[in-house]
Each structure stands twice: as structure tokens, then as C-alpha cells.
Amino acid sequence: MDLTNKNVIFVAALGGIGLDTSRELVKRNLKNFVILDRVENPTALAELKAINPKVNITFHTYDVTVPVAESKKLLKKIFDQLKTVDILINGAGILDDHQIERTIAINFTGLVNTTTAILDFWDKRKGGPGGIIANICSVTGFNAIHQVPVYSASKAAVVSFTNSLAKLAPITGVTAYSINPGITRTPLVHTFNSWLDVEPRVAELLLSHPTQTSEQCGQNFVKAIEANKNGAIWKLDLGTLEAIEWTKHWDSHI
């Protein structure tokens with residue numbers, strides 16, 4: 001997929017993997033790059049605009065935990081301005097198993113609600129043109145880090161949700177794939193809490209093993225976007241990009 005002149009919405013684009021992915025995206029000569037984030041980062045926005053002044057970059061304050069109706073209001077404003085949006089990237093996430101409800105609200109429920117909201121504008125059953133969704137998940141969605149079971153479960157939920165979105169594409173016209181980074185050196189993983197403090201050194205232990213940089217992850221993220229494979233489960237680990245096969249152990253037959 002050629003990203004030239006595409007309109008992209010990126011939720012949580014200004015930190016860690018999100019920011020390095022944004023740096024790569026603006027190099028692809030997007031037409032409009034719409035950033036939705038809870039906190040504005042003027043320095044990061046200025047940097048992105050400097051990388052490629054031809055890309056129209058806009059920022060909207062957005063908290064993924066708001067009700068679906070609020071998400072629809074913001075998206076309507078964006079669609080009214082741009083007329084079309086090609087890609088939605090859902091990237092909001094936290095890693096803190098002390099905050100159980102907030103972890104689920106941001107990592108899973110917020111992503112589902114944002115996706116539900118944009119279907120109002122994309123769903124071909126409503127006359128929409130369809131669209132593409134890239135959901136940032138995690139390799140912990142395949143195999144949990146058992147010391148952070150809440151985070152891992154939230155990411156497994158997103159992998160499952162994304163797989164279902166992809167299978168619904170013939171009905172909705174909206175395709176989807178998941179982006180699953182391995183352990184990446186970002187502020188998110190430098191300090192975080194295990195569930196019930198079962199392993200106080202969990203962050204230290206993880207970072208003692210081979211990792212990847214957020215720059216490597218961002219580069220491979222954009223390669224996955226350009227590959228544009230509906231239903232793909234992308235693993236971005238140790239600087240590599242690989243589409244993995246999901247093992248089926250049961251089928252609903254519907």
C-alpha cells in the first residue's frame with residue numbers, strides 16, 4: 001500500500017513506539033495526519049512537522065475512556081474536515097497491573113469504543129467507503145508475561161477482537177490487522193508494576209533480556225501498514241517483522 005496522500009488518524013501517536021512510528025509515517029508523504037492523544041506534546045508535534053512540512057498535521061485532545069458518543073462527535077468533526085479517512089491506528093495503552101480497571105478501560109474497552117465509533121463513518125452497510133484499522137497489541141497477547149496478567153489479558157483481548165474485525169470485513173468493508181511488539185525499550189517498560197507485587201523486579205528482569213529499540217519497532221510498524229494484509233497478526237520483535245499463524249483449536253462453524 002502506497003501511503004502517499006493518505007489520511008491517517010493515530011490514537012496515542014506522541015510517545016514511545018507511537019512517536020517513532022509517526023516519524024516514519026510522515027516521511028511517506030501522507031496528505032493528513034490526525035493525532036488524537038490525551039496530552040499535547042508541542043515539541044513532538046513540531047518535530048513531526050519539521051520532518052515533512054508537506055504533511056498537514058493536526059492534533060485533537062482525546063481520552064479513549066470517554067463514551068462512544070463522545071468519540072463519534074470528535075470523529076464527525078474530523079470527517080467533516082477531511083471528507084475521507086483511510087487508516088485508523090489504535091495505539092493507546094498502559095502497563096500497570098496495580099490499575100486493573102484503568103488497564104482494561106484503556107487497553108481494551110477504549111480501543112473497542114473508538115473502533116465502534118469510526119464504523120459509523122466507514123461501515124459499507126451505512127453507505128460508508130470502508131477503511132483500514134491497525135491495532136497495537138503485544139506479543140503478550142500470544143503468550144502472557146504471567147507477572148502482569150491483567151496487561152497480558154487486555155492485549156490478548158485486542159488480538160481476538162482484531163481477528164474478528166478482519167473476518168467481518170466482507171460485511172463492513174473495514175479491514176484490520178494487529179501489530180504486536182516484543183519487549184521494546186520505551187518509558188512504558190522501564191518502570192512498571194506486577195499484579196499484587198508478585199515480582200517487584202519484573203521490569204528489571206525483562207530488560208535484562210534482548211530487546212529492540214522503538215526506532216526499529218516504528219520502522220517495522222510502517223512496513224506492516226504498507227503490506228496491508230487483512231487479518232495479519234504481525235510480530236515485531238528484536239528488530240524483525242513476521243506475520244504469525246494463529247493456531248485454531250475450536251471453530252463455531254457459523
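Each residue, glycine too, has its Cβ placed from N, Cα and C.
For reference, Swiss-Prot has these:
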- Met1: N-acetylmethionine (MOD_RES)
- 10-33: NAD(+) binding site (BINDING)
- Ser138: substrate binding site (BINDING)
- Tyr151: active site, proton acceptor (ACT_SITE)
Relative to the Cβ of Leu25 (NAD(+) binding site), which residues of the same chain, six or more apart in sequence, are found under 8 Å away?
-> Leu3, Val8, Phe10, Phe33, Val222, Ile225
Using a 10 Å cut-off, grab the number of neighbouring Cβ atoms around the Cβ of Lys31 (NAD(+) binding site), all chains included.
-> 16
Secondary structure at Phe10 (NAD(+) binding site), reduced by DSSP to three states = strand
What three-state secondary structure does DSSP assign to Ser138 (substrate binding site)?
-> coil
How many other Cβ atoms sit within 10 Å of the Cβ of Ser138 (substrate binding site)?
-> 27
From the Cα of Ser138 (substrate binding site) across to the Cα of Tyr151 (active site, proton acceptor), what is the distance in angstrom?
-> 10
If you count the other Cβ atoms within 10 Å of each Cβ, which of the binding-site residues Gly16, Ser22 comes out on top?
-> Ser22
For the residue listed as 'N-acetylmethionine', the one of Ala13, Gly16, Ser22, Ser138 that lies nearest, given that the binding-site residues are compared by Cα = Ser22
